[in-house]
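> Checked Swiss-Prot, it gives:
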DOMAIN    10-68  domain 'TRAM'
BINDING   C81, C87, C90, C169  [4Fe-4S] cluster binding site
BINDING   Q273, F302, N307, E323, D350, D371  S-adenosyl-L-methionine binding site
ACT_SITE  C397  active site, nucleophile
Amino acid sequence: MAQFFKPQKKSTQPQRIEFTVDSLDHHCVGIGRHQGKAIFIEGALPGEQVKARILDDKKQYAHAALQQVVTPAANRIAPFCNHYRECGGCNAQHLGEADQQAAKEAGLVSLFERLGQIKAPVLEPVLTGESRAYRRVCRLAIKFDKNGRCTRVGFRRRQSNDLVEIEGCPVLAEPLSALIAPLRECLNRLKSQRELGHAELIQAEQGIMMLLRHTGRPNEADRALLVAFAKSQGIDLYLQAADERIEPLHQVFQPSYSLDGLSLAFAPGDFIQVNGPINQSMVAQALAWLGASKDDKVLDLFCGIGNFTLPLARQAREVVGVEGDLAMVARAEENARRNGIDNARFYKADLSGDIVGMSWAREGFDLVLLDPARPGALEVMGHVVKLSPKRVVYVSCNPVTLARDSQVLVKGGYRLVRLGMLDMFPHTGHLESMALFEQ
């Protein structure tokens, strides 16, 4: 009788390995090698012998979960947060702040030289601030537990979509951290618990603003409970529906923040930097590097609500701000009016598309500043080169796209003159940086 070949089923057991960590990447993630393959592992430090479980096995590399540190590094420290082992909010509390910054700086230089093929200059001093209670913005995950029949509030678990319930967070501004427990208590009293999405907390100068995602239509009883909660906590509360519409449920103040003597108003859903003091330092450094005078016309791309535009307008002859979100363009215009600035103009434009035919794009500019989101600004870089400004300052929250986009400037005749890191997000793998290019 013929025998048919039956391939053996692949084992579903996760592979467990032991190896030595050699270095850290710019996310403060450990890198080692096992059987010739690069292994990325959070929570491990250079020099450590570790035991790990493979999570995601690719041809050239793999991601692994730390199970045991066999030989700890001398610079390993105890995390200051009780939730650190589980919570995915921070990933570098086991490393001192100076070592975190050094790893990120080394990663920044490596990305420029390896990915961008650009020789990095000696880095500028890191812009630093407080490393705890620094976040003025956070997004809390909310999940209804069917088994416990209760609503849980916290952050996503490390390397998972599960939720870690927390009582407080030491990197949040203290008023935001103190709001978590009473918020959980309030949400557990709602009839519409299953329809809750997430809650965004923002610390404005006037107080706390909360944007609560609600995918249904809360009844009058739930609305009354939420309003009572907002009043008792002294916060403003907005609801965001599934179609993204935002409804003020309890509004007392117009949120704003101060910047270099200016007052910048914002609204729920607007982007603002999470670290207020570092934002102040960042804007001051960008203005100093750009060096605008009363003879200069400046272009500010991805301008948001005017975070760089309005301080620049006090130095330059004229500033043009361009932003893809129409609501933030309107907010930037209002911020110019409320601060008595009449030499700033704002336009809405999709900066990932073709901008050649736009009126502002045909104007001449002496200086350019850009501060794009994580995807970077590749589509607009060629046009920046064509404008031929004297200097370009690029502020970035993603060093990978910064290094990539910088190639366009260098090939267009610009030199990378200054490069530095801003410690906007201590204890995390996020890296903010700034680069200056000159013709």
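Note: Cβ is positioned from N, Cα and C throughout, glycine not excepted.
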> Name the residues of the same chain, 6+ apart in sequence, whose Cβ is under 8 Å from the Cβ of D350 (S-adenosyl-L-methionine binding site)?
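Same-chain residues close to D350 (S-adenosyl-L-methionine binding site) (Cβ under 8 Å, separated by 6 or more) are G324.
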> List, in sequence order, those recorded positions among F302, N307, D371, C397 whose Cα sits within 10 Å of the Cα of C90 ([4Fe-4S] cluster binding site).
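Near C90 ([4Fe-4S] cluster binding site) by Cα: none of them.
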> Long-range neighbours only, meaning 6 or more apart in sequence with Cβ under 8 Å: which ones does C397 (active site, nucleophile) have?
A373, R374, M424, H430, L431, E432
> Please average pLDDT over the domain 'TRAM' (10-68) for the predicted structure.
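Computed over the domain 'TRAM' (10-68), the mean pLDDT is 93 on the 0 to 100 scale.
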> Rounded to the nearest angstrom, how far is the Cα of F302 (S-adenosyl-L-methionine binding site) from the Cα of C81 ([4Fe-4S] cluster binding site)?
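Pair distance, Cα basis, whole Å: 35 Å.
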> Could you check what DSSP calls C169 ([4Fe-4S] cluster binding site) once collapsed to helix, strand or coil?
coil
> Given a separation of at least six residues and a C-beta threshold under 8 Å, show me what packs close to C87 ([4Fe-4S] cluster binding site) in the same chain.
C81, G154, F155, R156, R157, R158, V164, I166
> N307 (S-adenosyl-L-methionine binding site) has how many other Cβ neighbours within 10 Å of its own Cβ?
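N307 (S-adenosyl-L-methionine binding site): 28 neighbouring Cβ atoms within 10 Å.
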> In sequence order, what residues of the same chain, 6+ apart, have a Cβ less than 8 Å from the Cβ of F302 (S-adenosyl-L-methionine binding site)?
V322, E323, G324, L351, L370, D371, P372, A373, A377
> Helix, strand, coil residue numbers for the domain 'TRAM' (10-68) per DSSP?
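Per-class counts: 0 helix, 36 strand, 23 coil.
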